[in-house]
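Visitor: The structure follows.
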């Protein structure tokens, strides 16, 4: 009978990296609350975020930089670790999922990097301008660029890719680590609902699902970090069967 080996190797660096990622995630949430980002997005009043003014503009920069590292770039090492650990189980599905996961990390990071520059600059220009026409131009520029990233790059593409990644992982992980696969599936469901909510212009549904992603992702980070910290060299789905077969084999 063929075995399906997993290779959850002991990589303590990943837990340390993922703890840092979680800190970035919570810093993003904290700064977003300070800036009123969740409220403005939920009500559709995107340009309302300009009200943070000159004093609040640095927070917008650091919020997006934290987002870039915490929710996006630092997810790539976890994707590669899981690909290595599960590469012998459904390799095609795992490869498709991992490619989607890496693209999710890169596209999300690019969007956050763009907003880390665009938001502070336009906020300062809007706050310091005394010309109503110029202020209107800054507002519309802010709105269009924000929608391009949040609704386009993130909402319609990045969340779909992350949903594909998490969904594929949850299917494969179910045979190996059922509790963890449930967490991964929950993240997949929230990500896909967010994506389809953005596509169908269902802002409230997308916002609710986004909240799920925001708080489930740190749990995913810590869980996979602990798995890596406690990892062994090789485990097999058929270990028990082979052990039992060895016990029942005739003695020489």
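Cβ atoms here come from the backbone N, Cα and C positions, even for glycine.
Feature table excerpt (TrEMBL):
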TRANSMEM  12-33  transmembrane segment
TRANSMEM  69-86  transmembrane segment
TRANSMEM  98-122  transmembrane segment
TRANSMEM  153-173  transmembrane segment
TRANSMEM  180-200  transmembrane segment
TRANSMEM  206-229  transmembrane segment
Visitor: Look at every Cβ pair spanning the transmembrane segment (206-229) and the transmembrane segment (12-33), keep those 6 or more apart in sequence, and say whether at least 3 of them are under 8 Å.
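Guide: Contact between the transmembrane segment (12-33) and the transmembrane segment (206-229): present, because at least 3 Cβ pairs are under 8 Å.
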Visitor: Could you pull out which residues elsewhere in the chain have a CB under 8 Å from any CB of the transmembrane segment (180-200), counting only those six or more residues past its ends?
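Guide: Long-range Cβ neighbours of the transmembrane segment (180-200): 151, 155-157, 159-160, 162-167, 169-171, 173-174, 206-207, 209-210, 212-213, 216-217, 219-220, 223-224, 227.
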